[in-house]
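K.L.:
Mind looking over this structure? Questions follow.
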Amino acid sequence: MIYPVISTKTPIFLTNPKTPRIHESCTKLRSISRSSQHQNPIQNDIKPKTQFINPVLMTNTKSHYGFQAMLSLCGLGYWVQGFRCFPWLALNFHMAHNLNFNPSTLQLVQNSANFPMVAKPLYGILSDAFYIAGPHRIPYICIGVLLQILSWGQLALIPVTGQTLPSLMACVLLSNFGASIEEVSKDALVTEHGQKHRIKGLQSYSFMALAIGGILGNFLGGYFSHKLQPRTMFLIFSALLSFQLAISSSECLGLSHRQTPTGKSITDNIRKHLSGLMIAISEDTISKPLTWILTSIAMVPILSGSTFSYQIQCLNLDLSVIGMSKVIGQLMLLSLTLIYDNHWKQIPMRKLVGGIQFVYAFTLLLDLILVRQINAGIHISNEVFTLCFSGLAETLAQFKILPFMVLLATLCPQGCEGSFTSFVASTVCLSSLVGGFWGVGLAALLGIKGGDYTSLPVGLLIQFVAALLPLGWIHQLPMSCPAEKEMKKCIGETQGFERVVGSVRI
């Protein structure tokens, strides 16, 4: 996740809501820098041996090691995050077959489980403002992984836990609570290192790790669904989480301890980061793209629970077929991410996102072809059609978020990485929840339930129309990101000014 390098002591556009725009701040910085050079003649007399050295040069080896360690730690974390589909596939099968949940209840559980994700800004602000003894973010990763181990471990080792809806929901909520804390910390950690090392495109690598984990998780989940009990699959995932916890803990213990920054109280730091977050998201360059992606997600009703139940109950598809269809979808997500990272970054954002949204709307009609059995009329079996096309819409829905993450990460202020990235992630999750509950309400309104899927085609058509509507305000998206160049230019001048002025603060 890449953000411009802005001084953590003096953020340029977060110190005051009425601060002039970036290019005006740059003009003032130029004049202050020139005046400071005249007023500080001692600066010109400093011998070369006593000149300030770029901190990156002084700690190049240590910085390089820390960056490699961060890549390994976060890469493993994102991979495990993608592999979460392995226990979730077993859980969905357990709820649909063993507990006999109807489609609406199944989808309600799936969406309600994401409620902890909505509170991500709270975790982000806390991780920004309060340093647990250790390397800042990594202890939060350890806490999140530990909570997931407790959740899936209970489902694996205590049989009664997965037999009733309240206890099942409690474990799922605890798991997603831990996952949300971990995701916030990983996102912020990648953001900080992207700023520090000025590497653009780390988000693409995060998506790649997620896709690789999803590929393996769906493949193994589909293969072992009929060979292993769901509790055994939960136990396998708990063991994988334990391995991740061991790696994260060793990394945490191997780094130096740090204290809460600036010596201020936790309350003051939380208030500072909350104020900075509110000012950042009020900028048009951030608010308009964010509003578009949120509305485009929220207004499309999600009927995944109904389609999953239809495939299992009416088409009698094997769970391995559904798992393999998701493997193919994750392979496509990985391919699209690679293509985006190497070629599509140069395409204007409005044009790229508009094309993705248009194709996404039409892929929603593929489920309609399966429900109407049009594929059987052209001699394509349900298994083959599901394998090849069932996961396309979900893949495009995931990939559509990537350009926005790259854009918003570029505009994120330094010092608010945790709170800003967590706010973006939580709002995306909240919009998905709205779409999910909108789908539950639509299914109930149309009378879609177990054994009666006659109205499912109508729901799929409503999905298609709803997905086309956001194209009506696609003009809210920028053709490019001109503010990025201005921001980077101002950042460079700010850093140069700090080296000249020394202890003088803006």
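Every residue number used here counts from 1 along the chain in the order it is shown.
Glycine too: its Cβ is placed from the backbone N, Cα and C atoms.
Whatever TrEMBL says is automated annotation, not expert-curated.
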K.L.:
Which range, 74-97, 122-145, 146-169, 290-313, does TrEMBL list as transmembrane segment?
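P.N.:
Among 74-97, 122-145, 146-169, 290-313, the range TrEMBL annotates as transmembrane segment is 290-313.
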K.L.:
I'm a bit unsure how to read this: which one of 205-226, 319-340, 352-372, 423-448 has the highest number of Cβ pairs shorter than 8 Å with the transmembrane segment (384-411)?
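P.N.:
That would be 319-340.
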K.L.:
So if I exclude everything within five residues of the ends of the transmembrane segment (460-479), which remaining residues of that chain have a CB under 8 angstroms from its CBs? That is, six or more out.
P.N.:
285, 288-289, 291-292, 295-296, 299-301, 303, 348-351, 353-354, 357-358, 360-362, 364-365, 367-368, 371, 407, 442
K.L.:
Could you check whether the transmembrane segment (205-226) and the transmembrane segment (319-340) come into contact, where contact means at least 3 Cβ pairs under 8 Å with the two residues of each pair 6 or more apart in sequence?
P.N.:
yes
K.L.:
Considering only Cβ pairs under 8 Å, which range in 232-255, 290-313, 423-448 makes the most contacts with the transmembrane segment (319-340)?
P.N.:
290-313
